[in-house]
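Per Swiss-Prot, these features apply:
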{"type": "MOTIF", "residues": "161-164", "note": "motif 'PPXY motif'"}
{"type": "MOD_RES", "residues": "S190", "note": "phosphoserine"}
{"type": "ZN_FING", "residues": "500-517", "note": "zinc finger"}
{"type": "DOMAIN", "residues": "739-930", "note": "domain 'Reverse transcriptase'"}
{"type": "BINDING", "residues": "D807, D881, D882", "note": "Mg(2+) 1 binding site"}
{"type": "BINDING", "residues": "D1181, D1310", "note": "Mg(2+) 2 binding site"}
{"type": "BINDING", "residues": "D1181, E1219, D1240", "note": "Mg(2+) 3 binding site"}
Amino acid sequence: MGQTVTTPLSLTLQHWGDVQRIASNQSVDVKKRRWVTFCSAEWPTFNVGWPQDGTFNLGVISQVKSRVFCPGPHGHPDQVPYIVTWEALAYDPPPWVKPFVSPKPPPLPTAPVLPPGPSAQPPSRSALYPALTLSIKSKPPKPQVLPDSGGPLIDLLTEDPPPYGVQPSSSARENNEEEAATTSEVSPPSPMVSRLRGRRDPPAADSTTSQAFPLRMGGDGQLQYWPFSSSDLYNWKNNNPSFSEDPGKLTALIESVLITHQPTWDDCQQLLGTLLTGEEKQRVLLEAGKAVRGNDGRPTQLPNEVNAAFPLERPDWDYTTTEGRNHLVLYRQLLLAGLQNAGRSPTNLAKVKGITQGPNESPSAFLERLKEAYRRYTPYDPEDPGQETNVSMSFIWQSAPDIGRKLERLEDLKSKTLGDLVREAEKIFNKRETPEEREERIRREIEEKEERRRAEDEQRERERDRRRHREMSKLLATVVIGQRQDRQGGERRRPQLDKDQCAYCKEKGHWAKDCPKKPRGPRGPRPQTSLLTLGDXGGQGQEPPPEPRITLKVGGQPVTFLVDTGAQHSVLTQNPGPLSDKSAWVQGATGGKRYRWTTDRKVHLATGKVTHSFLHVPDCPYPLLGRDLLTKLKAQIHFEGSGAQVVGPMGQPLQVLTLNIENKYRLHETSKEPDVPLGSTWLSDFPQAWAETGGMGLAVRQAPLIIPLKATSTPVSIKQYPMSQEARLGIKPHIQRLLDQGILVPCQSPWNTPLLPVKKPGTNDYRPVQDLREVNKRVEDIHPTVPNPYNLLSGLPPSHQWYTVLDLKDAFFCLRLHPTSQPLFAFEWRDPEMGISGQLTWTRLPQGFKNSPTLFDEALHRDLADFRIQHPDLILLQYVDDLLLAATSEQDCQRGTRALLQTLGNLGYRASAKKAQICQKQVKYLGYLLKEGQRWLTEARKETVMGQPTPKTPRQLREFLGTAGFCRLWIPGFAEMAAPLYPLTKTGTLFNWGPDQQKAYQEIKQALLTAPALGLPDLTKPFELFVDEKQGYAKGVLTQKLGPWRRPVAYLSKKLDPVAAGWPPCLRMVAAIAVLTKDAGKLTMGQPLVILAPHAVEALVKQPPDRWLSNARMTHYQAMLLDTDRVQFGPVVALNPATLLPLPEKEAPHDCLEILAETHGTRPDLTDQPIPDADYTWYTDGSSFLQEGQRRAGAAVTTETEVIWARALPAGTSAQRAELIALTQALKMAEGKKLNVYTDSRYAFATAHVHGEIYRRRGLLTSEGREIKNKNEILALLKALFLPKRLSIIHCPGHQKGNSAEARGNRMADQAAREAAMKAVLETSTLLIEDSTPYTPPHFHYTETDLKRLRELGATYNQTKGYWVLQGKPVMPDQSVFELLDSLHRLTHPSPQKMKALLDREESPYYMLNRDRTIQYVTETCTACAQVNASKAKIGAGVRVRGHRPGTHWEVDFTEVKPGLYGYKYLLVFVDTFSGWVEAFPTKRETAKVVTKKLLEDIFPRFGMPQVLGSDNGPAFASQVSQSVADLLGIDWKLHCAYRPQSSGQVERMNRTIKETLTKLTLASGTRDWVLLLPLALYRARNTPGPHGLTPYEILYGAPPPLVNFHDPEMSKLTNSPSLQAHLQALQAVQQEVWKPLAAAYQDQLDQPVIPHPFRVGDAVWVRRHQTKNLEPRWKGPYTVLLTTPTALKVDGISAWIHAAHVKAATTPPAGTAWKVQRSQNPLKIRLTRGAP
């Protein structure tokens, strides 16, 4: 238990600081959270073997790196810094990584060389691969085709063309005729091929063996190695689709390469690695291994045979032999077989169906795409006649909609071939209407539709007018007839009642309210609401439809449908929610119209319950139940005398359920049975008590609540926060329900608070929560009377073991709010569908109001008071809305539960039937599990604590301690266990989670898992409290007798306050008993308590030592512990540390009073009475007073007549501090003597006698836990108390006027202290108190070097005093000078000049030997100064390397141009270092993709491929994409030093020139379009003379740019272009007269000596931090120099080169220096110093 496994990921997290430092050295930045995410979740998905816990295997890291750096959309550029840092950790592991890194394998040779083998026999010829053999004789060296790069340039006109290849000599053919016959067919490579392949010197080995392989026949018949060039691989990769997209094409390419190039095993791996991904390569190798056949010709699975034919590791085949070449031929054949098998993708008809014809795509082009999809995603050949039908059907179905519909209507479609279908489709495609025709047709249709609509509206208006006339006529006729009947028959009214006649029984003598015949008693229960059918109308303001009708639940709302067998589809008239895009044409009596369908919510149920998609017809008079839904229901309609009845197929009533699609899963869920199912009788017998049957509750006996405001309160109005559509729709049903129930009403109020939608965990449901914090601040506070759950269960006796738990539903809503208080809780709500736009407020007590729990708890308690009186044998506990009823038997519990439910129903409260626990012996209440008179922690409570992750912040730690603290009664010693965690919760404390915190965290969780069962407190029995104390922590267990055993009731623990923690053990036990007795009182409820402890503390409490306890604390302890009616002390017992219960054997008791008497003082013989035979009797005093606004202080030690010691103290010293200093000085001067010392300071006297020892035990802390004042002086006094042989410190009154010895001595000491305070302060240190004896210099030790130097300076030696004297001062030796100056420098780290000025200003009594040299050495070797101080290093100017001809050496850089225009914000600048020619391209992004695109599309076609590129370390240049492209093209990309723009000086200066020119042009032209003005800026840059007087244009083209006057009439003469020969002659002249002299001049600059920097290999240097944070040193290191150049350094630990101007030398102390130990002011600390040599 407690052990953890260290993984690479956890190791890096433990050393995260080192990881960040290594990442910074790699010029990247990493974050811990993303580090963990990539390692544990992202990289394992690459399927390259990366484990979730990380690895330091370089092979796996390189595979992950290749995936991360993959170009295009498959790459992961955001993961580049993290994998680069992983690789740096594994490649150059720090000490904490080395044990986890496997040793590196020996490096493989970069160029494989064949060992000399035996002479090969003439091989047999192969039909596929021609056999090539080695020549026996050596051939002469081949003539050089291309000139040397360092030689002179080629004369393009005079030089002869390069020679062609030389044919093999005749002697070679004579020596081996067969070989000659074989090789005659293979011609030597052409010069162009040689140029593309690269120049290589001929092998220097013996001509009988081949030093390079694979297998290219040279001119002399010898096999030579011609590897794949980077351009070949690049072209194959980019000009062909990937293997996953088109495996056939890539397989054909590889097959042709294998035949024509005859690659070796290594070249095959290189080819596969370039053209295939890692997964594709593995699949090919696996399929190739399956194709290996055994001796019987069948595929074999024997590993030895498979590895022999198709090895996965590099084999040792000798290609000079026939056997080796045969192995290679077989390997290529198997590789081709693997490619073909791996390329067979599985059948995926979904991909084929996804190929559809485009809007403007021709049918023939679509057919070709369809066939290609068949070839790629299916094993079928679309050209096969057997597949023509499938292809034809796909062509018809996936064609454009208009073409497909017409093709489906073709006659005799089965007999049509695919060609016929394509021809028909072409005809349809060509006859499509043009866009103009289509617009004209749509316009005509719209006009016709509008015309029909107007005619229908006019007809409808005429019909409406005629109907109104007929109805008015009928109404008038009815009125006339009614008047006639009235006149004939008179009025028919209810007979008038007499004054004393009852309206109910019509008898006289009483009224209706007093009628005895009228039924009395409570109103009967309301009829139970049907969950599926309602008899209401179908909508607001709408009469119910005629019979037959059925009421269904649609979207949570009841809707009454008219059963209409004539309707084909069921219809809804109200808005049913979201509608689908589908619509249908509905033809009715009044005409036809198109209506939309509701969203598809169909769910078929075997029970007859269905959901349905309805047609939304707002114009329909009634919702209709059509034939579609009646058919699915298998409904039966019976016509009887009472009317039509609609029932199911078995005669049962129909039940139709409509719900949203997201709730469909609930239909398939199995109902979760409760622990004890609530019987239906409880629901039916008490319908008014349950929320499920009684509706919303209302407390009928409670008056509306008035919420009083504070006197200074003003209305607060906070706008509603933005709310998402999902959240608004989620809380909308709740708002609607509360509006319907009258709990919410519209209002207008100056108060407004926001509504917050809170998502319920695990569901998509939201509930509205109102933010009432501002309202709570303005409402008067009331005293909370909610019970404390800590001691609530103390009122539950263990004898009551039958329980009922009820949870009131929407309890706060049962209390009404007074209308005057309702505006306080208003909030905004808008619902256009309901017509609500404004404020709503609560008519009931809202949730979130701070006084709601107290108000409801008091109201319910008052309402249930009668129930408690009527049932005294039952126990009813109430915590707000949670009720617990306990009884002794099941019958009493059922009887009491029935009475409680009846009472709740009558009072208007509603309980939740889902959460009810009725008459059970085991229930859950307030997070506890109650059973058989005991309580446990519930599993949910334990899982809550166990499920919390390791805290990372103080807030998370506080949450954990709060959750675990709820369970502290079950954890013995919880306070001591959690002690390491509490300091991290303080504000402003650094959160440092260490091993101690982790151990405490795990111990709390482990203790929670083993939490015991605690008995419920029985208030009829006495309690016993066992108490123990250890290291300032009180621990105890509260028990009660259960037969012969003690049953734990609670485990108590608490930390003592700092004052009590500093007491002796016996007094700490008193404090522990007092603390735990107070906590136990919350559970015992004032019952008798017996305290048992290992100390006899009762005597201590009755007679406490006044020196340790204050009067207030003493009174508090006595009042609590000496209450004999409630607290009694038992016998002294020895406790078990684990259980805190008594042990069988007892230890010998001790007397606490004796122990306190022995430990109350600091020195046992210290007394306050004069010693008769004292050697000295001294008087001490300290003085502190204000004079001229400055506080002066002094201290003195005197006798009655003379001053022994007096000293002025620093300004601001207090009188108490001065008294301590004086008393301490007296004790030091009386070392080894008998001393009587008098002081008039109560503070110094009490510190020496009493408080000093208390402070020492308490850790020098006050009672509030703060550090005491005068800490150093008190420590010095406590130390000096033991110096005299015998000591008596006596207190005497101050400022006495008598003539006694005490009075004279005190006055003398007071006068001496005041006089000393008036003098100048010589020393500021108050702890280095000097002796009263005269000053004598210390004894110096001079070395031989010191003596030699002293003799040279003319110093004299003082024989009497034993030291050398120079200039009248004692000479301090070199070593002592170093120690003094080193201590002085470390105080404030001044500069050498400041130290010299300080020493010159202060007159030193010594002559310091070699002072200036030592000061310089101390400041140079100070590590803090070296890391912070700036450096003034001056480095000489270097020489920039330039190209030897145009286009070979470029510098590139990005520069930002503001303001951006058309999205162009950056300018990519290329500068040719030879000519100064500049190319600039405006770009929108500063990325590596832009750099490579411009390089390949602009620079390369115009100037050729560069040999060298220089740039800074920007992300676009240092990225893997740019560097990989440069490596592939053979470009040497030089990254300049970081933060050194001078390294890219040419391109940086060009950036400035371009931007300055653009600024001038924009000002002159008045336009901001710098992109338009860029060519003019480039023209100026290209035609500005350089340092040699030539412009870049002249250097490149050999002549100035042509300047043409377009107004010159002779301009036509200038348009004649010179011939090609003239151009070449001019180019030759440029080469001879310009390029060669410039190249020579640049070379001369390189040959000139450059003053290098002073750093050498092996030096230690500090490296500058270019980005420093607050309080972070300016320099980092020191680092060791590994490599140097004239201007840069390479140091150990940083990958990039560093410019010499960014480092400074680190002075390290010599190895011969010795360490010395020095004392410090703190007696618990020492100082280690190292002196100068």
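Cβ atoms are placed via backbone N, Cα and C, with glycine included.
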Subject >> Same chain, 6+ residues apart, C-beta under 8 Å of the C-beta of D1240 (Mg(2+) 3 binding site), given in sequence order >> reply: D1181, H1291, C1292, P1293, G1294, H1295, N1306, D1310
**OP:** Could you round the CA separation between D882 (Mg(2+) 1 binding site) and E1219 (Mg(2+) 3 binding site) to a whole angstrom and send it over?
**Re:** 65
Original post:
To test your reading of the Mg(2+) 1 site: which residues beyond D807, D881, D882, same chain only, put their Cβ within 8 Å of the Cβ centroid of those residues?
Top reply: L806, L808, A811, Y879, V880, L883, K915
**OP:** Ten-angstrom check, please: count other Cβ atoms within 10 Å of the Cβ of D881 (Mg(2+) 1 binding site), all chains counted.
**Re:** 20
Original post:
From the centroid of the CB atoms of D1181, E1219, D1240, the recorded Mg(2+) 3 site, which same-chain residues not already listed sit within 8 A by their CB, in sequence order?
Top reply: T1180, G1182, A1215, A1218, A1222, T1239, S1241, A1244, G1294, N1306, A1309, D1310, A1313
Original post:
If one looks at the chain holding D807 (Mg(2+) 1 binding site), which residues at least 6 apart in sequence have a CB under 8 angstroms from its CB?
Top reply: D881, D882, L883, A911, S912, K915, A916
Original post:
In sequence order, which same-chain residues at least six apart have a C-beta under 8 angstroms from E1219 (Mg(2+) 3 binding site)?
Top reply: T1180, D1181, G1182, A1195, T1239, S1241, Y1243, A1244
Original post:
Per residue, counting other C-beta atoms within 10 angstroms of the C-beta, which of the binding-site residues D882, D1310 reaches the highest number?
Top reply: D1310
Original post:
Including all protein chains shown, what's the count of other C-beta atoms within 10 A of the C-beta of D1181 (Mg(2+) 2 binding site)?
Top reply: 31
Subject >> Within the predicted model, mean pLDDT of the zinc finger (500-517) >> reply: 72
